[in-house]
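**Student:** Found this in TrEMBL, in case it helps:
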REPEAT    5-39  repeat 'PPR'
REPEAT    40-74  repeat 'PPR'
REPEAT    75-110  repeat 'PPR'
REPEAT    111-145  repeat 'PPR'
REPEAT    181-215  repeat 'PPR'
REPEAT    216-250  repeat 'PPR'
REPEAT    251-285  repeat 'PPR'
REPEAT    286-320  repeat 'PPR'
Amino acid sequence: GCPPTVFTYTELIKGLGRAGRVDDAYAIYKNLLREGCKPDVVLMNNLINILGKEGRIEDAIKIFNEMSSLHCTPNVVTYNTVIKALFESRAPASDAASWFEKMQVNGIVPSSFTYSILIDGFCKTNRVEKALLLLEEMDEKGFPPCPAAYCSLINSLGKAKRYEAANELFQELKENCGRSSARVYAVMIKHFGKCGRLDDAVDLFNEMKKLGCSPDVYAYNALMSGMVRADMIDEAHSLLKVMEENGCIPDLNSHNIILNGLARTGGPNRALEMFSKMKHSKIEPDAVTYNTILGCLSRAGLLEEAAKLMKEMDSKGFEYDLITYSSILEAVGKVDDIHKSSSGGSGVT
């Protein structure tokens, strides 16, 4: 039969990569070289991507370095792939920055995606100032504003409690784009809720709907979370119902937010009722759910129920958070008995 072409090899490498068979993909590459077939940049980019995603950054860079001897010139996609892999493998951010420089020295013009990867990576490694400079550079070079880059930055500024700066960027994005994506709105709503500016959060939520940008599960969760923080539990609870009526399916996080609100106010009954409903629905409670209920029971002095729940948590392999655990031990007042009867002090028997 006729020998496989570079295209065939590329498709094979891509398929093996998707199946998680990275070593096999690498072996195909070695085999292709032995057969005297010359790889092209598309094949090399795919291989670098597969290795990078697997966290094998040294191997990915080794492939990059082999490109010159194979007379295969790296393009913008090659560099983007390496930079993304560096961030994903938690290499120092300075490594990614030096590849960005290397790329330009070698005459490769960064794309909008290059900037987006760098901005997101610098935000995640707490280098917000560096990310802000890159956003300016993007603008100076005439790239259209990239919502993903703005989203990373707005979120990082919010996390750093720089709410005004986050809001400024959010307004800038809206001016430049005419509108903003549901995800960016959700991020801004979340941070307004966190810093107690609930009116602003509600305004944004309503603005979204006015602009025909349907709130997604993240936007609903962000607003409900802000409402719970402001002790507006009933309002948050009715928003959960509105969300379902509008065809937006609540996730586990939506339920945990409301449960946390119910558990903090009034008696434990409403929280327990919701917990029971969750257990009988498609929403599978997680460790957060159980710890919320555990805290609620211990605050209400329902210690036998708490002990029962701890057994259930043990059977599911969930750990209790220490604050809840110690408060229950204290409330029981039989610290030693519980320690004696528990395995390694991490469960009640």
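Cβ atoms are placed via backbone N, Cα and C, with glycine included.
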**Student:** Against which stretches of its own chain does the repeat 'PPR' (75-110) lie, if we need a Cβ under 8 Å and a gap of at least six residues from its ends?
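**Tutor:** Non-local partners: 41, 44-45, 48-49, 51-53, 55, 57, 60-61, 64, 67, 117-118, 120-122, 124-125, 127, 130.
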**Student:** Take the repeat 'PPR' (286-320) and average the pLDDT across it for me.
**Tutor:** 91
**Student:** Sort out the residues at least 6 away from either end of the repeat 'PPR' (40-74), same chain, that have Cβ-Cβ distances under 8 Å to it, and list them.
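**Tutor:** Here the qualifying positions are 6, 9-10, 13-14, 16-17, 22, 25-26, 29, 32-33, 81-82, 84-86, 88-89, 91, 106, 108.
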